[in-house]
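Colleague: If you look up TrEMBL, you'll see Thr53, Ser54, Tyr55, Tyr56, Gln57, Asp98, Asn147, Gln183, Trp298, Gln299, Leu300, Leu308, Trp330 marked as cyanocob(III)alamin binding site. What TrEMBL lists as disulfide bond is Cys66-Cys109.
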Amino acid sequence: EWPETGRLALYLLGLRATCPPPEPGPQRSLVTWLKYYLEEDWAGSRQRGHPLTSYYQYSLGVLALCVHRKRVREEVIRRLLAAEHHGRFGHAGGSAVDTEAVAALAFVCLERERMVGARLAAELRAAARRARRRTVEAQGRDGFFGNVFIATDACRTQPAYGRAMAALLENLDAFTTAATTAQALPVLHGRSYLDIASMRCREEPDTLTPLSPEVLPEMPGNMTVRLVVECPEPRCPQHRLYDRPVPAPAGASLLDVLRAAAVRGPHNFTFDTQDTPQGPFLSRVLGLEARQQKRSYWQLLTAPSTSLQMGVADYRPHDGETLILRLSKW
């Protein structure tokens, strides 16, 4: 079975953040499973030179173990250091900043919690500094750099931090699922996953209150969106597989646009999605499947080449916009 490294790591980070009762039995079992996944993630992919899942999930696993104050084998840490040093975090056609940020969190946690020796700690500090620098360099004109992670408190002194926070505040309506909101909340409070390790649970008040979801108002009228599907050579000699205008109601989501394209003829358009905690994930378009085992995914862009910061169910295109679904490698 495919390792569930990232999902289990996020669960353990969330579990630690909720200040659970001191019942170590179940948590110890989950931590043991995470250690097992980390080993399987790497051992099953020695021929490929990268984890079976991704360096992003692998970094999350190391970070979760550190937050739970569980010692990580030096070999496991050095795998991440080697990947950072040789620039292996990136993927074709996209930025490595998300993985850089999570790896930097893991490096800083290991050093801060004094879980490594002095020599390795110095290497981790240097790697975290390089990751922070590359994160700042990757910031786009809109203020975003990949995901909304802030690697360490030192980033607050960077001008890029203020620009990213302003961009986040202007786009809060993009966070419509519990999973994406959970990622944005720590940043809005000037915190990161690192702060979970230093929480004093006895001082944490129970302030969780349920909120009713806000119903978005319907917008009158219609719009037309140009929908383009691209697949790289040599897998697809034709390269551009679909290029059609698609009428849809004003205010419709990208998912609604795809549904509208699917019911229009005579040019058949087909797609499939998978349900995830972050909402629907585009898994197949025109019969072409994005598979984790093949390290492929359907990249969502607005022309000419701007990656969307939201999923298919959250992004709401405007009239006349060109949207591109591109089968890409990571």
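Each residue, glycine too, has its Cβ placed from N, Cα and C.
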Colleague: Any idea which of the recorded positions Cys66, Cys109, Leu300 has the thinnest Cβ neighbourhood at 10 Å?
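Modeller: It is Leu300 that, of the recorded positions Cys66, Cys109, Leu300, has the fewest other Cβ atoms within 10 Å.
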Colleague: Whole-number Å only: compute the distance from the Cα of Leu300 (cyanocob(III)alamin binding site) to the Cα of Cys109 (disulfide bond).
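Modeller: For Leu300 (cyanocob(III)alamin binding site) versus Cys109 (disulfide bond), the Cα atoms are 33 Å apart.
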Colleague: Pop the Cα-Cα gap between Cys109 (disulfide bond) and Thr53 (cyanocob(III)alamin binding site) into the table, whole Å please.
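Modeller: Their Cα atoms are separated by 22 Å.
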Colleague: Fewest neighbouring Cβ atoms within 10 Å: which of the binding-site residues Tyr55, Trp298?
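Modeller: Result for the binding-site residues Tyr55, Trp298: minimum number of other Cβ atoms within 10 Å at Trp298.
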Colleague: Tally every other Cβ atom lying within 10 Å of the Cβ atom of Gln57 (cyanocob(III)alamin binding site).
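Modeller: Taking every protein chain into account, the count is 24.
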Colleague: How long is the line from the C-alpha of Tyr55 (cyanocob(III)alamin binding site) to the C-alpha of Cys66 (disulfide bond), rounded to the nearest angstrom?
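Modeller: Their Cα atoms are separated by 16 Å.
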